[in-house]
Every structure is written in C-alpha cells, then in structure tokens.
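Undergrad: A single structure is presented below for examination.
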Amino acid sequence: MKENVASATVFTLLLFLNTCLLNGQLPPGKPEIFKCRSPNKETFTCWWRPGTDGGLPTNYSLTYHREGETLMHECPDYITGGPNSCHFGKQYTSMWRTYIMMVNATNQMGSSFSDELYVDVTYIVQPDPPLELAVEVKQPEDRKPYLWIKWSPPTLIDLKTGWFTLLYEIRLKPEKAAEWEIHFAGQQTEFKILSLHPGQKYLVQVRCKPDHGYWSAWSPATFIQIPSDFTMNDTTVWISVAVLSAVICLIIVWAVALKGYSMVTCIFPPVPGPKIKGFDAHLLEKGKSEELLSALGCQDFPPTSDYEDLLVEYLEVDDSEDQHLMSVHSKEHPSQGMKPTYLDPDTDSGRGSCDSPSLLSEKCEEPQANPSTFYDPEVIEKPENPETTHTWDPQCISMEGKIPYFHAGGSKCSTWPLPQPSQHNPRSSYHNITDVCELAVGPAGAPATLLNEAGKDALKSSQTIKSREEGKATQQREVESFHSETDQDTPWLLPQEKTPFGSAKPLDYVEIHKVNKDGALSLLPKQRENSGKPKKPGTPENNKEYAKVSGVMDNNILVLVPDPHAKNVACFEESAKEAPPSLEQNQAEKALANFTATSSKCRLQLGGLDYLDPACFTHSFH
C-alpha cells in the first residue's frame with residue numbers, strides 16, 4: 001500500500017514539470033547596471049538592463065549600502081530617471097562616499113541578481129549639454145571677417161560658487177562634408193573662427209566637460225550660411241614671408257658677430273695706416289720668420305757652430321800696474337821709426353784671442369823671414385819707410401843675430417803695445433796647459449820627472465837673486481858661452497823684461513822635463529854654462545830662490561809659490577851642474593831657453609802668488 005502512494009506522488013511531479021516546460025515559463029534572467037550619472041555632483045541616477053523574464057511577469061528592485069555599512073537600502077525613486085532606473089536625490093547623495101549596489105529580478109519561477117557596482121559620485125559627473133547656442137558672421141571694418149559662436153552653460157550646474165569648472169569644445173563642418181572641424185574653447189563661452197569658405201552652409205555644435213568626469217552630449221546642431229562676398233585674407237603667405245625674413249636676419253647678425261665686424265666698420269671703413277716699407281703681409285701668414293725679420297731689418301738667430309773652437313777658453317786679467325808698464329815702455333821709445341800695428345781687441349775675452357788664425361800666421365812667418373828682427377807675439381811692428389830698418393841695440397842682440405837676448409837694464413826693448421785711448425786694453429788668452437807643454441817637451445825630448453796628483457813631490461825652479469848691474473854682465477857672458485855650444489836650431493829667447501809685480505831681479509832659467517797626464521809640469525834649474533868653475537854656495541851669485549808648483553787651478557793655470565827648502569834644491573842644482581852635457585841635455589836647454597824667457601813676461605801677481613801664462617809659451621815654442 002505504501003509503495004503505491006510513493007509512486008503516485010513522483011508521477012504527479014513529473015507531470016507538472018512537463019506541463020510548465022511545454023508552456024515556456026522560466027525564472028528571470030540576470031540584470032546588468034551599465035550607467036550611473038551625476039549632472040551636478042548633487043544628485044545622480046543609475047540605469048540597468050533587465051534579463052529574460054521567463055514568460056512570466058518580473059519585478060526589478062535596486063538595493064544598495066554605503067561602504068562601511070551593513071544595512072541594505074532600496075532605491076528611493078524609480079520614476080525620475082525613467083524605466084529601469086533609480087534616481088538619488090540630494091538627501092540620498094553623499095560626496096566622497098562609495099555606494100555598493102545591485103539589481104534583483106523576481107517572477108513566479110524564481111529570481112536572479114546582477115553584479116555589484118561601486119559608485120563614487122565625484123567620478124560619475126556628466127553635465128548636460130550647453131544651452132542657447134548662437135552663431136553669427138561678423139565683418140568689422142578694421143578687422144578681418146569671422147564666425148562668432150556663443151553659448152550658455154547647463155542650468156543645473158552652479159558655476160558662480162566655483163563648485164564646478166567646465167571646459168568647452170566646438171565642432172563645425174560644411175553641410176555636405178563628412179568630417180568635423182574641432183576647436184577647443186577652454187572655459188570661455190565665446191569663440192571666433194576665421195577660416196571659412198564663402199557661400200557654404202555650416203553646422204555648429206558644442207559640448208562641455210567638468211574637471212573630473214565625462215564629456216556631455218553634443219548640443220543640438222545650429223546652421224549658418226556664409227555669404228558669397230565673404231572675403232577671407234589668407235595670412236599664411238605673409239606669416240611665412242615674415243618667418244623667413246626673420247631667419248635670414250638672424251643668420252646675417254650671427255655671421256657679423258662671429259667674424260667680429262661691426263656695422264659701422266662695414267659702412268664706414270677705417271682709413272688704412274701707413275705700411276712699413278718692405279713688409280710683406282704674406283710672409284707673416286705663411287709663418288716664415290726669417291724672411292720677415294730680414295725684411296724688417298732685424299737680426300736673425302745666430303748660426304749654430306762649434307762654440308768650443310770659437311770662444312776663448314781662458315781669460316787673463318791685467319791689473320792697473322800693467323797699464324803703467326805699457327805707458328813706461330811707450331815713453332822709452334818715443335821715436336824709433338817704427339809704426340806699431342794693433343790688432344782689434346776682443347771685447348768678449350778681454351785680450352785678443354791667441355787662437356786667431358791671422359795672428360798665429362804672422363807669428364810663425366815673420367821670424368823666419370827676418371831672423372835678426374824681433375816680433376812681439378801680440379804686436380807686429382812694421383817700418384814706415386822700407387829703406388829705414390829698425391835694429392836692436394847691440395847689447396840686446398848677440399850670437400851673430402841668431403839668438404837675440406834682451407836684458408832689463410839700459411835701453412829696453414819693449415814688446416808692450418802702445419795704449420789706445422779709444423780701444424780696450426789688448427789682452428792675451430790662456431791656452432790649454434797640456435797643449436802648451438806638449439809643444440815644449442815634444443821636440444826637446446829631455447828626460448822628465450813625474451809629478452804626482454797630490455803635489456807632494458813637486459819639483460823646484462830656481463831664481464837667481466842678483467842686482468841689476470851684476471845681471472847685465474852675467475847675462476852677456478851667458479849669451480856668449482851659450483852661443484859657442486849651441487847649433488843652428490837653437491830657438492830664440494824672448495826679452496827679459498821687468499815683471500808686472502815690480503821685481504827688478506833678473507830670473508834664472510828653468511828646465512821642463514816632463515808633463516804629467518793631468519797637465520802638471522816638471523821643472524828643474526838650468527845648469528850654468530858661463531864658466532866651467534863651480535861657485536861656492538856662500539857667494540851672493542849662488543844664493544838662489546826656488547819656487548815650486550803648488551797646483552793647477554780650474555782654468556789650468558800654474559800656481560808657483562816660494563819654496564822654503566832652498567838647501568835641498570841647491571844641492572840638487574849642484575848635482576845637476578856636475579853632470580856632463582849631452583845631446584839630450586842640449587835639447588833640453590833649447591826648451592829651457594824658450595820657457596825661461598817667457599816666464600818673466602807671462603807671470604802675474606795675484607794675492608802674493610806667481611802665475612805663468614801658457615799663452616806666451618806657445619808663441620816662444622813656435
């Protein structure tokens with residue numbers, strides 16, 4: 001029994017469902033909220049699209065709640081916004097609040113709900129289109145003709161309080177055209193359009209938009225007919241010409257400023273100044289300084305050469321006593337029938353350079369041409385009258401005119417040049433002491449004694465201290481005795497003059513034995529040959545004062561100082577005298593004669609020390 005009741009119930013339900021499906025009755029479809037709009041931020045309206053009704057009458061309702069609330073509210077006004085809409089008045093609208101809303105559809109078969117929508121009134125503002133749009137063509141006398149457009153803002157928006165800010169946009173087109181010409185007007189409610197085609201009919205519309213929101217709908221179109229006599233002056237050409245002219249002017253000004261020329265200089269060029277004769281501007285541009293300087297008369301750069309061959313290597317400084325001796329010698333020879341020839345003084349070295357080729361040639365050639373005539377190494381004396389020849393005093397020349405000897409007494413044979421007031425004092429320069437000594441020792445070949453670098457074993461040179469009267473007789477006997485033993489190759493002896501340091505004592509001869517590698521000289525006293533009898537050491541004639549080589553200065557100048565060990569040197573001299581003369585001794589005596597004769601002339605007194613001028617050695621050895 002129970003089984004029969006259950007099966008009957010199932011059958012009834014299946015029959016009911018079949019009947020409903022055959023009649024088309026279903027639950028409603030899902031609705032959709034598609035738009036919410038606020039015209040003035042005070043009220044807003046939302047619209048939705050309903051779904052299928054299922055063949056049955058369907059009711060729609062909108063429910064919402066504000067963010068942060070749980071209480072649900074239903075739409076306050078379904079009529080103001082039209083069908084399927086909900087309008088929120090001022091009392092239901094709140095700024096800066098978010099609304100969460102949805103739509104519910106219900107019929108006999110069931111119900112359905114839309115998706116939730118979040119709405120902020122600030123961002124859903126869309127004003128109404130502008131009102132009272134007016135269009136007019138104006139042709140002022142002093143201006144170009146134009147199309148004047150004017151409109152009014154929507155009435156629902158309060159612009160006076162500043163609650164709203166609207167932006168406007170205008171569009172127009174000829175009636176038969178397809179595209180619109182859009183112009184942005186900003187916040188103003190008037191606008192002028194200049195580019196129009198005469199004789200055509202235009203459509204004009206306007207719309208507005210708040211600062212935060214959407215553009216409104218376009219206002220209704222307004223038509224305007226442009227007259228046929230409406231002449232539009234096209235200013236595009238004139239604007240292009242003006243812009244091009246401005247660019248050209250800027251280029252010209254830039255070029256003038258870049259080159260540094262002024263407008264005044266271009267209009268009124270300056271008067272050219274006088275040109276320097278011989279000055280060529282092209283030489284300056286090409287950079288040839290040598291030709292430019294020669295054109296201006298300036299000296300060019302000095303030529304490069306070996307300055308070691310041109311410059312004087314050493315200098316000799318004469319003090320005032322030398323000038324006094326020169327004046328004395330010139331007074332002693334007032335009229336000898338001889339005219340001295342002076343060399344041009346060298347302003348750089350202080351005395352005429354001994355390296356002058358002309359001076360050396362004159363020194364070497366003149367003694368060979370006339371052996372009986374004495375020529376000074378620095379001054380060449382020539383007779384004014386060729387028939388009248390100058391001869392030296394008989395006391396000064398001996399040994400048949402081969403070896404002239406000059407003593408300090410009596411008539412002096414001066415070799416000093418006469419002073420010239422308009423020139424510098426003629427001076428001689430030092431030569432390298434090594435070259436001088438090689439010239440002296442090379443041909444002689446005499447045995448030498450080596451000097452060490454420290455100067456400890458410096459050899460001595462002797463000086464015989466005699467009176468002026470005894471010196472004359474002794475020198476005469478020495479010349480006569482020396483003439484008997486020497487051959488034709490005996491070199492000349494230079495005159496024994498008064499030394500610059502004022503010593504009236506004649507000096508004895510010294511002998512050059514050897515030259516060290518450092519340029520040091522080995523000196524020995526010369527053997528007396530005037531008599532074969534040795535003299536006692538106690539006699540006045542044998543009282544000799546020796547000098548030793550103290551050292552060589554930076555300028556290769558020998559420094560001679562008096563030797564306190566006179567006894568040792570005297571013994572050395574006596575042993576030298578006892579040695580028999582030989583060929584080597586004879587050759588050494590030749591070199592000694594040249595060295596001794598020039599030593600008295602070439603010495604200078606400086607601070608109590610005696611100097612030897614090697615320049616004089618060269619002249620005597622030649």
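Each residue, glycine too, has its Cβ placed from N, Cα and C.
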Undergrad: Say a student had to find the N-linked glycosylation site annotation in Swiss-Prot: which of ASN59, ASN432 would be the correct pick?
TA: ASN59
Undergrad: For which of the residue intervals 123-131, 204-212, 267-275, 600-608 does Swiss-Prot record motif 'Box 1 motif'?
TA: 267-275
Undergrad: Taking CYS75 as one end of a disulfide recorded in Swiss-Prot, give the other end from among CYS46, CYS86.
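TA: Partner cysteine, according to Swiss-Prot: CYS86.
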Undergrad: Scan 155-159, 190-194, 215-219 against Swiss-Prot and say which stretch is down as motif 'WSXWS motif'.
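TA: Motif 'WSXWS motif', as annotated by Swiss-Prot, spans 215-219.
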Undergrad: So CYS36 is in a disulfide according to Swiss-Prot. Which of these is its partner: CYS20, CYS46?
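TA: Matching partner in the record: CYS46.
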Undergrad: So which of ASN233, ASN594 shows up as N-linked glycosylation site in Swiss-Prot?
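TA: My reading of Swiss-Prot gives ASN233.
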Undergrad: Which of ASP211, HIS212 (the binding-site residues) has the most other Cβ atoms within 10 Å?
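TA: Within the set of binding-site residues, the most crowded position is HIS212.
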Undergrad: What mean pLDDT does the predicted model reach across the topological domain 'Extracellular' (25-234)?
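TA: The average pLDDT of the model in the topological domain 'Extracellular' (25-234) works out to 87.
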Undergrad: Just give the helix, strand and coil counts over the domain 'Fibronectin type-III 2' (129-229), going by DSSP.
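TA: Helix/strand/coil tally for the domain 'Fibronectin type-III 2' (129-229): 0 helix, 48 strand, 53 coil.
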Undergrad: Quick one: DSSP breakdown of the domain 'Fibronectin type-III 1' (27-128) into helix, strand and coil?
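TA: Counting residues per DSSP class in the domain 'Fibronectin type-III 1' (27-128), I get 6 helix, 47 strand, 49 coil.
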